[in-house]
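Now, the feature entries from TrEMBL:
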COMPBIAS  460-476  compositional bias 'Acidic residues'
COMPBIAS  492-501  compositional bias 'Basic and acidic residues'
REGION    453-476  region 'Disordered'
REGION    492-541  region 'Disordered'
TRANSMEM  12-34  transmembrane segment
TRANSMEM  54-76  transmembrane segment
TRANSMEM  83-100  transmembrane segment
TRANSMEM  106-132  transmembrane segment
TRANSMEM  144-164  transmembrane segment
TRANSMEM  207-229  transmembrane segment
TRANSMEM  250-277  transmembrane segment
TRANSMEM  322-340  transmembrane segment
TRANSMEM  346-368  transmembrane segment
TRANSMEM  380-400  transmembrane segment
TRANSMEM  406-429  transmembrane segment
Amino acid sequence: GGWRCGRGADGAALRWCITGVLCASFLGLGMSIAVLGPTFPNLAANVRKNVSDIYYIFVGRSLGYLGGSVLGGVLFDCMNASLLLALSMFATTAGLYGIPWCKESLLLTVLMSVIGGSMGILDTGGNVLALNTWGSEAGPHLQALHFSFAAGAFAAPILAKMALGGSESEELPGAEKTNQSVLKSVPTASAASTTPALKGHDDEEFLWSYIIIGTYILFISIFFFVLYSKCSSARDKSKASAQKGVRAKYHWPLAGLLFVFFLFYVGAEVTYGSYVFTYAIVFAEMKENEAAALNSVFWGAFAICRGVAIFGAAFLYPGTMILMSLLSSAASSLALAFFAHYRASLWVGTAVYGASMATVFPSGISWIEQYTVVEGKSASLFVVGAALGEMCIPATVGYLQGRFHHIPVVMYAAFVTSAMTVLLFPIMYKLANAPQDNDLKGVSDSETQAALLSNSRLSEDEEDEEDEEDVREWNDADFEVIEMNDKLKNSLMDTSHKIPEDSPAEASLQRHLDDVLNDSPVVAGGSPGRQNGNVDWEKSE
């Protein structure tokens, strides 16, 4: 359900501003998560510990992240989104500035978990804010958010290498580029074993990568404060009324299944990204630089596909995109699990697997938004699922790989997880499309149709006109809502006499309208609810 703060052209510009600032903040999120990889040895040297001894800072960050996602989900339903995001970005800046001066491993862990917490808040909140701002049009905007994340994760190691003067930073060839918004709880085995503790002479250089990223994030938090001052009070009222949108009959079971779905999917993606380097060296007997190239192929395909998906989401339904992703990940993981001894199969499989992983998270969120209201608590459930997958599955695979040296556990894990996601999606689809209780059935059906229609309508070139028209209609709607209700009631009475009995579409639309009109808070709130029947009716007349 979208609140739109501001009126007319201002409102449209403001919504684009929100998307822009969110993308910038996700870029920062990606950078601050991925910069840990290349600078890990320096941090270890800084607190006078061995690299293998401070793996627990990852655990600290993961726990902070989980806490932040849960806290964010609760806070988002009761305070202003832009303000909360501004504060959490500010906390990230403080943490990033503190890390280079930190000489105690305990303090380092605390700072990491603070950063993790504010990241969790941003990750939950960014998705909710995008959904609230764009409603059923959120698809491309969600893809853009997660593309920015991948771009940040890709840029950070390069930035850190530049800051380090490129000399000492060859140990971790891309092994740490984590993905979608979460943390690696366990640094990869190869990283821990091959990295010597560095001497203190490049501490000064490595400080800079943290300072640069911290300053960038500080600027974004200022932008969020500006957004907050721009539209504060008008928005909260309409937001509250939008929350009363239609919930699916099985809202929480659906959210629970999506939680498990994301757990497997994100876990699989991070596991593969983390261990493919080790796999290439141990099982495929590649040279280090070849293995690093294979690793980069995975994350490169991942990032490129996220970029393409921004445009794809404008004219493909989220469900279609998920289906394409699931089928290609099933096919590629099958090839990787059973035919990886062919070089071609390994390279192509890795690229396709990376690409098929890219769109699932943002598509999943815009998919469920078509059927039910996604508020803070549901969104935090999805993010927590992703975070848990990212903590548990790589750790489990690492443990099993240690037990069974001669079996390529990574590839089998990829196959099993993609099989799980393929099984889960049809079940979620059935639940989402379950008919509502009788009185709501008409509403849910035509809601869904309206959602699909408005999506496809947007793909045409009339996007801008559409926006202005919407805003104009909503301006009128605000002032003439009472009149319109009466007028519509009357026109409905007339049409219901004229309509022959055998036109079910009209009948269900009428039932939908009656429901919408009785449920007057949604209309009177002046919030352009998710797909409010009144507007559709006006357009069709």
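Yeah, the Cβs are placed from backbone N, Cα and C, and that goes for glycine too.
Proximity of distant same-chain residues to the transmembrane segment (207-229), defined by a Cβ-Cβ separation under 8 Å and at least 6 residues beyond the stretch ends, is recorded for 14, 17-18, 21, 24-25, 28, 31-32, 35, 39, 80, 82-83, 85-87, 89-90, 92-93, 96-97, 99-100, 156, 159-160, 163-164. Counting same-chain residues at least six beyond the ends of the transmembrane segment (106-132), those with a Cβ under 8 angstroms from any Cβ of the stretch are 1-3, 18-19, 22, 25-26, 29, 32-33, 43, 46-47, 54, 56-58, 60-73, 75-76, 81-82, 84-85, 88-89, 91-92, 94-96, 98-99, 138, 141-142, 145, 181-183, 239, 242, 365-366, 369, 374-376, 379-380, 382-383, 387. Across 346-368, 380-400, 406-429, stretch 380-400 shows the highest tally of CB pairs under 8 A with the transmembrane segment (54-76).
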